[in-house]
């Protein structure tokens, strides 16, 4: 029998940080010797330049504090670069003799497209089959947050979440599906308001066993 949760509770902890080499370089920049205040100041100057180059008056009342606000917002949008997986899990990995599917679905996700720096948002569904260890359920949502709060593409985000789950609890299998709407397709370019993108990453038994994969997909689509 499968277990379905909608973002609550607890699971497991065994990991190091994951991601591409580019991710690690960016994390080093944010966690390194450059003070946060210096990052913020440089970003404020950059936003001031952008506002001026679109033809606006930087001294107009409504724009006086916009560079600072925008810089602080961007720092928040990309705070995932400051996170490390082992710290995020915080020992929430538990020994448990459970070998049936665990699913946390409809995890809300917001990220920034690395190509245009505009948002994409949607829902993440994660399933895994434990191998003697389970992870605190809320940690699945935190893993999503860690990787979505970076400059991303949906395909890589999907894989990073799945890989983090493998590092966290070494399960028999992991499945991740993301359904998202991209503002780069809505606000510019083809301007298709109702278009959505679905990506998946299936590892272990979810990749090897069609019946297990089908069970997961049926359960996340059940309302």
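Cβ coordinates come from backbone N, Cα and C, glycine included.
What Swiss-Prot lists as region 'Disordered' is 1-28.
Same-chain residues at least 6 positions away in sequence with a Cβ under 8 Å from that of residue 116 (Zn(2+) binding site) are, in sequence order, 184, 188. Feature annotation from Swiss-Prot assigns Zn(2+) binding site to 113, 116, 184.
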Same-chain shell around Zn(2+) excluding 113, 116, 184, C-beta within 8 angstroms of the CB centroid, reads 112, 114, 115, 117, 118, 120, 182, 183, 188
For each of the binding-site residues (113, 184), count the other CB atoms lying within 10 A of its CB, then report the residue with the highest count. 113
